[in-house]
Amino acid sequence: MEASSNTYVGGAPETSGDHNELAGSQLISEALKKQGVEYIFGVVGIPIIEVAFAAQQSQIKFIGMRNEQSASYAASAIGYLTGKPAVCLTVSGPGLIHALGGMANAQVNKWPMVVISGSSDQPQESMGAFQEFPQVEAARLYSKYAARIASLDRVPFFVEKAVRSSVYSPSGVSYLDIPGELVTSTINTSQVEQVPKYRAPPKPAASSESLREFMSLLQQSQKPLVIVGKGCSYGVAEQEAKRFIEQYNLPFLATPMGKGTLDDRHPLSVGAARSTALKDADCIILLGARLNWMLHFGRPPRFDPNVKIIQIDTDTRELHNNLQSALAIQADLQTVLKQLVEGGTKWKYDGATPWWSLLKKKLAANKDRSDALIHSKESAMLNYYSAFDAIQSIIPQDAIIVSEGANTMDIGRTMLLNSKARHRLDAGTFGTMGVGPGFAIAAAVYCQDHEPGKRVVCVEGDSAFGFSAMEFETAARYSLPIIFIIINNGGIYAGVDSESFQDMARQDAALNLPPTSLIQAHYERIADAFGCQGYLARSLDEVKKSVQSALAEKTRPSIINVFIEPSSGRVQQRIRQRILRPLAKQTPTNDQQAALLHEHNPKAEAPIRNEDFQATGFVIDPQHYLYHYWLAIISLAVAYNLLLIPARYAFHDLDKNLRILWISLDYTFDCVYLIDMFFQSRTGHFSHGLFVRNHHVLSRNYFTSRQFYIHDLLSIIPTDLLYFIPKYRFVSIIRCNRLLRIHRLTEFQDLTESRTRFPNAFRIFCLIGLTLTLIHWNCCAYLLICQYLGFGTDRWVLPTTAKNETVAMLYTYCFYWSTLLLSTIGDVPLPTKREEYVFVLFDYMIGILIFATIIGNLGTMISSQNQSRQQVREKMDEIKRYMKFRSVNRKLEQKVIKWLDYLYTNRQVLSEEMVLNSDLSVELRKDLAIKVHLESLQQVTLFHDCEPNLLVELVTKLKPTFFGPGDYVCQKGDIGKEMYIIKRGQLGVVSDDGKTTFVILKEGSVFGEISILNIPGSKNGNRRTANVRSLGYSDLYTLRKEDLWHVLDNYPESLSKIIEKGKSILRKDNLLDELVTDTKRHIEQEQLLSIQNRIKKLVDTEKSLNARTTTFFDAYVESIRKFKKHLSKMEYYYETRKPSAIVTKSVPLTTPGIPFLLKQWKTNTAAHLQRFSSIPSGQLDDD
Ligand SMILES: Cc1ncc(C[n+]2csc(CCOP(=O)(O)OP(=O)(O)O)c2C)c(N)n1
């Protein structure tokens, strides 16, 4: 064989004009075609660009990707979808290295693929050639066959071997390396070794003995389960698997990419009860499924330790892997399943077994759970479940679903249903992020040719999408109508809300931003760059509408960016802690605080179990008003015991005279105590940020808690049984254990305090109540001590006559005595006995404490009430000092002081800003703003037909502003920078000299909106048309122009509506120039006029100039380098070989367009050479 080189470097093929002469590139493409390859995905460059051209000539489709990684993902996906390998074509060195990711992914998935990489010319080996790299060695680890094509005559041999190896079990990756000089060399076809198309792989069947054993194991099983793996789908055994499962009535579930082999909605599918099915099954049949991490290695605790595994797999490496199987059959799935169906018995697994009932019960319960999650109202934003539910309801049932991400993929697996085999492609066993766009492109290319009309929906996490986002351009270039749906939570696993994000990013972002966080970006705008449609969806309605519009688009890809709650999802505790730890250093939002609290709560440390959050039976929500009422009732019971137990013990007559009443009240309140225990066992609480509603879980938590044993159970022990002992007959003090329930009283107090509108009054009431209770207890103690020491024994105790006093009189005296003592007024007889001294001393100490508490509490209440007043005063004083220092005239000083007075008395600015900048969560602040301002905004006619979300966003941008008497709000000719809504007060539209008032604007009036809209054609431009002045004090809400435009940016439809309305208003007043029509462009131009925009534009221009200079310089360096390479090559050929090597020859080309491209290449090369000849050689050496 004689191989000849050509001069083409990094360009089109140079081949012989002789029809029997073929270049290496053509030989490869012809051989690939012969082996049935339909598609090549790749990125071209030196030295394989000719291969791509030649492939197109051979009618193999070439899809040029933006990165070899995606090219390899795409090629491998074609292998899975068609069972035939596609080719991933890469340049040398880094090109192959990029493809290694896809090769590893395909190897792990056992998907056939052939990777062909050009490599540096063999004569330059070890000389530091361009992109020189030990490619075959590198590829070997990621492929089952890796070789370098030795010579042109054996190209068909290597290609057949590569294709065959990739397809034969276990299918995987083949790698072929082709040195650059072989690509462009030519050979006479007579010298090429001809190799036929590879034979389809054998389909081994199961022996009859294995089949018998299979049936025997199956029939012995009480709790069988079939797991349908991706292998079954790849083996095109869907029909057979369906017949087998239906014939024997077996419950089944599918592995992630096995989904759809049987319809996910199939009545025998138990996928939604996966954990139970895996854990309790006693016999599991694996149809092309592997016992790897995805199936928890088939081991306890996720599987029954005694489970019998039956495996059917073509790959011997999977048999008995991680676990000794009861039966392992190495055979083709389609064949074995057919054998089992056709040769099996009439036996059928009973549909009424306890196993089926358990699975069905679990299925129903899990359905309730996911329904609850779908309709969860914990946040106004979407969550994964609600978003997926909306998507699922719109996308066609037979769509190919591609998915990647963490939560996005996991939750998507259960929510997005498949009805056909090989219709789900995801990050799979290897968990590779970045596969999505490549897979989707492959699937869409496949659909274009084989299943026209079928749609590909690519559901991506926002992080996952970022890995290969530029492939959107590829999809646009090849007119592939893929629907990219990005489930955007602004992070990997979870994001943080935008406010916390900004807080953290403002400081040293690299130290503060959680490693998981990303910008919750407007990815939909990427579509715009390629002339495609992007959608932003924040509500269910928007999700549905955008999916519908995207489905209507048949030739272009679209992006739907679904904004979901950043913390939404099944975030594991470990990850949460990692995310929240850095947040703890910042000012956490309310949600985060709650989450942090939970981390210190032992209950919350329990792992998340989804069933805990499922509503079952009667459960009380502690936020509900009923709970508050109940607390009032139980508090009454506790208060009764608190007051009456000591009173009845000390005042015998009180106890004796009303015994029937006391006994009935005692037992009534005991019943209340018992009911309270039931209520407590059904009171929901938060765990992991979610509300626990499962009453079993709640009861278990309560009945095993310390509170139950130490307080509640002890408090209800029937100590009154001691009444039967004569000595303790009706001695009320033996019921003192009832006081252990006092925590309910304090809970009631706390709850009421946080709910009441008069917290200070309530606090004073509680303080008085506490003081009186202590005096009451002390009064009882005094009577008891008097009884113990004997009435009338000295002056300190009660006189003997007290015995004959009525209970009321006696109580009054004791209470009086107790008050004097505890209030340390001290006007009581001096003690004489030791016991009396001890008692008095003790009382004094308690008294001091009571006073300290009262004074402290009252002080706090008063100072908190005065705090805001104090703050205002301080500010006022400061302003006054400033005015004095600056010698401000008396009139202005008075005006300022009056203004501040007004501000203070109306408590507007301070309180409002304080509230809106407080620790309230963003959502709550938004809710508050909506409550306070929405009504005002709705009055603006311009916004009448706008989307409600737009108003909600605008509401948060409204700022309160105040004007004093005579202050100008705006003046004629000013540039409009904000619009105004009058909340309180009156404004006048006045003449230029301010003397005449034309119109009075009252509360609710709106003005200034037209000038901030920059309406194209407005004769006044964006200038104010009138002088507006405050008549007295007035409160206005202002909306700044930047804020309005910032929000309107996301609502293009509303923007045009508003502009149209503005126009009609202007039209009425004849202030519109109808000739100006290009609304958007005009608005943008107007915007650019602002100084900030000009500065920004300058900065941007500088940046872009910099970037362009760098690119230009790089290109220049690169071209010099290339010319140098040309030069060395030419020198090499001239000096060592024949000079004719640079003479180009042409080969007849058939594909339209290619001759044109070749011509272009040649012209370019000639131009390069010309330029090259004019460059002094010194310059080249510098490179
Ligand atoms: C190649 C690769 N790099 C990194 C990872 C680690 N990883 C796992 S999931 C994931 C992204 C998850 O975030 P996202 O795609 O936004 O999905 P979400 O969980 O937020 O829905 C990453 C980066 C990976 N699996 N593969």
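Glycine is no exception: its Cβ is also placed from the backbone N, Cα and C atoms.
The feature region 'Disordered' is assigned by TrEMBL to 1-20.
Beyond the ends of the transmembrane segment (627-651), by six or more residues, the same chain brings 620-621, 662, 665, 669, 672-673, 676, 679, 683, 731-733, 735-736, 738-739, 741-742, 744-745, 747-749, 751-752, 755, 773, 776-777, 779-781, 783-784, 787, 807, 810-811 to within a C-beta distance below 8 angstroms of the stretch. Per TrEMBL, transmembrane segment is recorded for 627-651 (among others).
Here TrEMBL flags 764-790 (among others) as transmembrane segment.
Nonlocal intrachain contacts for the transmembrane segment (810-830), taken as residues 6+ away from its ends with a CB within less than 8 angstroms of a stretch CB, comprise 647, 651, 654, 774-776, 778-780, 782-783, 795-796, 798, 802, 840, 843-844, 846-848, 850-851. As annotated by TrEMBL, transmembrane segment applies to 810-830 (among others).
Within the same chain, residues 763-764, 767, 771, 774, 778, 781-782, 785, 818, 821-824, 828, 831 sit at least 6 positions outside the transmembrane segment (837-859) and bring their C-beta atoms closer than 8 Å to a C-beta of that stretch. Per TrEMBL, the feature transmembrane segment maps to 837-859 (among others).
The feature domain 'Cyclic nucleotide-binding' is assigned by TrEMBL to 942-1048. Taking the domain 'Cyclic nucleotide-binding' (942-1048) as a whole, pLDDT averages 82 in the prediction.
With DSSP states grouped into helix (H, G, I), strand (E, B) and coil, the domain 'Cyclic nucleotide-binding' (942-1048) comes out at 18 helix, 40 strand, 49 coil. Cβ atoms under 8 Å from those of the transmembrane segment (764-790) belong to residues 642-643, 646-647, 649-651, 749, 753, 797-798, 802, 810-811, 814-815, 817-819, 821-822, 833, 835-836, 839, 843, 846, 850, 853-854, 857-858, 861 of the same chain, restricted to positions at least 6 beyond its ends.
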